[in-house]
């Protein structure tokens, strides 16, 4: 069953710990320094509200269809990347409705690297951003759990869902 990261902006304090944890969780893909800091999520701020934004792992991901060389594919849990196939055309960047894909060249390397959330598939503990958030503003939920949370919020708000 597909899992998703949900964010509660009311709990986010904008500390960017999630961004740092993300970079640390992907050390083989970049050097850890201020010049090359490539988190796969970005904390967005609007007035007094902040919230991390990341790939939504769309079911019919427009980025997958936009890539002319198949560097992005649909996996069971996430939109998967294959940077070895990437030609740097940035079609996927343009196609992403959330602006959450970056194409990056690392210093001293001519290859292109696709940078997007992969739900930290390589980590047994799950996404580093979820684990590191000091206020638990991020949660990893299955689609079933997400439906349950949505129903609870509707009931709590007293809204008529119809």
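In case you wondered, yes, glycine gets a Cβ from its N, Cα and C as well.
Annotated features in Swiss-Prot:
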- 12, 15, 18, 133: [4Fe-4S] cluster 1 binding site (BINDING)
- 22, 117, 120, 129: [4Fe-4S] cluster 2 binding site (BINDING)
- 55, 58, 63, 96: [4Fe-4S] cluster 3 binding site (BINDING)
- 67, 86, 89, 92: [4Fe-4S] cluster 4 binding site (BINDING)
- 3-32: domain '4Fe-4S ferredoxin-type 1' (DOMAIN)
- 45-77: domain '4Fe-4S ferredoxin-type 2' (DOMAIN)
- 110-143: domain '4Fe-4S ferredoxin-type 4' (DOMAIN)
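Residues 38-43, 45, 49-54, 56-57, 77, 106-107, 113, 115, 117, 119-120, 122-123, 127-143, 146, 149 of the same chain lie 6+ residues outside the domain '4Fe-4S ferredoxin-type 1' (3-32) yet bring a C-beta within less than 8 angstroms of a C-beta in it.
Counting only same-chain residues six or more apart in sequence, the Cβ atoms lying under 8 angstroms from the Cβ of residue 129 ([4Fe-4S] cluster 2 binding site) belong to 5, 18, 19, 21, 22, 41, 52, 54, 120, 138. Taking CA atoms as the reference points, residue 117 ([4Fe-4S] cluster 2 binding site) and residue 55 ([4Fe-4S] cluster 3 binding site) are 6 Å apart. Among the binding-site residues 12, 15, 89, 92, 133, the residue whose Cα lies closest in space to that of residue 63 ([4Fe-4S] cluster 3 binding site) is 92. Within 10 Å of the C-beta of residue 117 ([4Fe-4S] cluster 2 binding site) we count 22 further C-beta atoms, all protein chains included.
Between the CA atoms of residue 15 ([4Fe-4S] cluster 1 binding site) and residue 96 ([4Fe-4S] cluster 3 binding site) there is a gap of 26 Å. Beyond the domain '4Fe-4S ferredoxin-type 4' (110-143), the same-chain residues lying 6 or more positions past its ends with a Cβ under 8 Å from any Cβ of the stretch are 1-13, 15, 17-22, 24-25, 29-30, 38, 40-41, 51-52, 54-55, 57, 63, 71-72, 77-84, 86-88, 92, 100-104, 149.
In this structure, 15 is the one among the binding-site residues 15, 18, 22, 86 with the smallest number of other Cβ atoms inside 10 Å of its Cβ. The domain '4Fe-4S ferredoxin-type 2' (45-77) scores a mean pLDDT of 94 in the predicted structure. Secondary structure by DSSP for the domain '4Fe-4S ferredoxin-type 1' (3-32): 12 helix, 5 strand, 13 coil. A gap of 33 Å separates the Cα atoms of residue 133 ([4Fe-4S] cluster 1 binding site) and residue 67 ([4Fe-4S] cluster 4 binding site).
Annotated pair residue 12 ([4Fe-4S] cluster 1 binding site) and residue 55 ([4Fe-4S] cluster 3 binding site), C-alpha to C-alpha distance, rounded: 18 Å. Between the C-alpha atoms of residue 86 ([4Fe-4S] cluster 4 binding site) and residue 58 ([4Fe-4S] cluster 3 binding site), the distance comes to 20 Å. Residue 96 ([4Fe-4S] cluster 3 binding site) and residue 89 ([4Fe-4S] cluster 4 binding site) are 14 Å apart (CA-CA, integer value).
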